[in-house]
């Protein structure tokens, strides 16, 4: 790749650019679906037997119902295998993530709009949450913290983790260490679509959960989509994205480094800079070229930049914000002189990083907000993973006889016009003096 | 059907009963999926032309891009066609629904956990919401109010309604009257999977929306499932359910009337009474027999009771509550002497109706809480439709240089161990004195 070109933003390309970035979101794949449907049906029917068969086949690990669950001894061994600074970093991260998510807790409430009327909303944690954690090369302890902490803060009493074993039947120590820090003790060695199926339907060994969250490969993602309804799921995540809005006060080296922090994820990742300064844009392009050459993942980052990267110059920050809203990026950095002033103009973004010293990885690991964020333009309607994802609400309605009597005519008329005679009757019967 | 038998609850049947009720939730249908996939692809490709073709074919209505949208004149005509008491009832309902939903509004917030750190959560309404309203025999104005009001209270600036026209190209006056009361002015005459596709992808005439809510037939439900991800959707609703917990203070005639108010919905609906009183159970069975015979929809209600109805006797109210939690019903009535005392024991229910004068239809039409509720046991993890369904959140993160410097080692270590060199570099580069 030659240096990324710096282009004046052309508003007539708006729809094309939006669609290009949106289309990266994992598409529907009939072949994957057929495979996954079969796995789910088999696990649903045969339970542990099927789960262990698939684990032998796909993870090349020989397990039994007795060895599916990670033991206390394994947890202890993993903890000792991890060095002290790393343990401390996990604990610091967990503390800050917990503190932030505690602000998201919602209370049950009620009101008495009139004497004889109670209305309310009861907030109840889910009974059982299932967290999927990928294994192998993509073992991300930060993902353990980000999925488990909201469930814990929500008050979910049983949190179950699933993560695929290596061929020797073990789990990476960093994953188990993160689970320990997050307070998870029920961990099963299983991965892929078979793990999702086991969590959704339960087996003799694996409990049925109410919600499955966490990232995974295309089979995991498809399995989550297919069991949605039987259980709840989080969003299906697409490739990573960063959009940096930069003015002339931005540091080109910082902006380039932040763009590369997403471009290194995979070839489908998108890293875009929108700037009001042509000079800054050109300096970012040069920095990208310089820094990308130093990366172990240079090939991946280059391909990502070439396919889905961009440096666009706009006339004003307002125009830059409007474009950011069109793209609704997962991560948005405001590398401008007055980042707080720009926040009200931002309508759609998963996470907003303000100023020159708030790089995206700060949010990935430590600041506290969740790193599970909407991708592929879904920030138009979706939110970061929150404590609210692990509770649900029930409405409460109480009317006294007198209050029902006042409302009776309206209810009966509304029911009648919709053709629901028995609905009407449920009110009418209570108004009969000889019965009520 | 002979009289519904009153049975002592047998806990060993727990799993069977749960699965029986859960399985009513609309299953996957390959044939419907193929048809709907084709419709979506065609509307996505050909836009208005395809939309109008399908409308001619399925609704037998001849429309043009110019006549797709309901005119102000049509709104006015519909309003005049509806009588004053009905208008008033709609307005009373809308006022109470609005008042309740206003309590669900969430504020943006921020905190400064340390000097030099800002963390926060920005709450932003969706830009465009699409409400689907069924037509024909199933024209439910209450559904217009229940879907539109939360979106309006959330602050959604553009609310678009889709509802299928009759063969003469008109919409039922009650639907348009409800839309007027709810404050919707952008209404398109379109239904089925083609309407969902048009809302999800947009056409020359129909705006692309961010979320589609509202009930519909199997084609609408399937279309919503298939466009989920491109846009957000509400839950796919299954058949209605009511579960009444009754003690010896309950009025058997009331309980029977309430059970029938759900049984009349359709043959797949479920109406169950759990009581601590054998005598009450038997009286309810007799009342059901007496009242069902008076219904226009007698056949439907009878089939529903026979297939999915039940009267079970438990030893205690605690046992009744545990069973209710297992079933996680859409509607739960507590027809007991002290309903408020029982609320803490209820973990899973869409809406809870307290006492002898809070029949389910009160919540369907007028009390204020939403009547869009989780069915088929999904109350384990899902909530009523709320204002929160029409907003999304963005995280805010600001660190000063000093605060980032303190956190730098942890972030870099966590990034490094996950193999993300560029993530680490985005922090490291800011710590170089010659650059930062």
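Yeah, the Cβs are placed from backbone N, Cα and C, and that goes for glycine too.
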Task: Candidate sharing the substrate site with B:240, B:262, B:265, B:331, B:418, B:423 (per TrEMBL), from B:210, B:296, B:364 - done: B:364
TODO: Whole-number Å only: compute the distance from the Cα of residue B:265 (substrate binding site) to the Cα of residue B:217 (NAD(+) binding site).
DONE: 14
TODO: Would you mind reading off the Cα separation of residue B:330 (active site, proton acceptor) from residue B:364 (substrate binding site), to the nearest angstrom?
DONE: 12
Open item on the list: In the three-state scheme derived from DSSP, which category covers residue B:265 (substrate binding site)?
Closed with: coil
Open item on the list: Using a 10 Å cut-off on Cβ-Cβ distances across all protein chains shown, tell me which of the binding-site residues (B:194, B:217, B:240, B:262) has the largest neighbour count.
Closed with: B:262
Open item on the list: List every residue in the same chain as residue B:364 (substrate binding site), at least 6 positions away in sequence, whose Cβ is under 8 Å from its Cβ.
Closed with: B:142, B:371
Open item on the list: Please identify, among the binding-site residues B:240, B:262, B:418, B:423, the one with the smallest Cα-Cα distance to residue B:194 (NAD(+) binding site).
Closed with: B:240
- [ ] With H, G and I counted as helix, E and B as strand and the rest as coil, say where DSSP puts residue B:331 (active site, proton acceptor).
- [x] strand
Task: recorded positions satisfying Cβ distance under 8 Å to any chain A Cβ, from B:132, B:217, B:240, B:330, B:331, B:423 - done: B:423
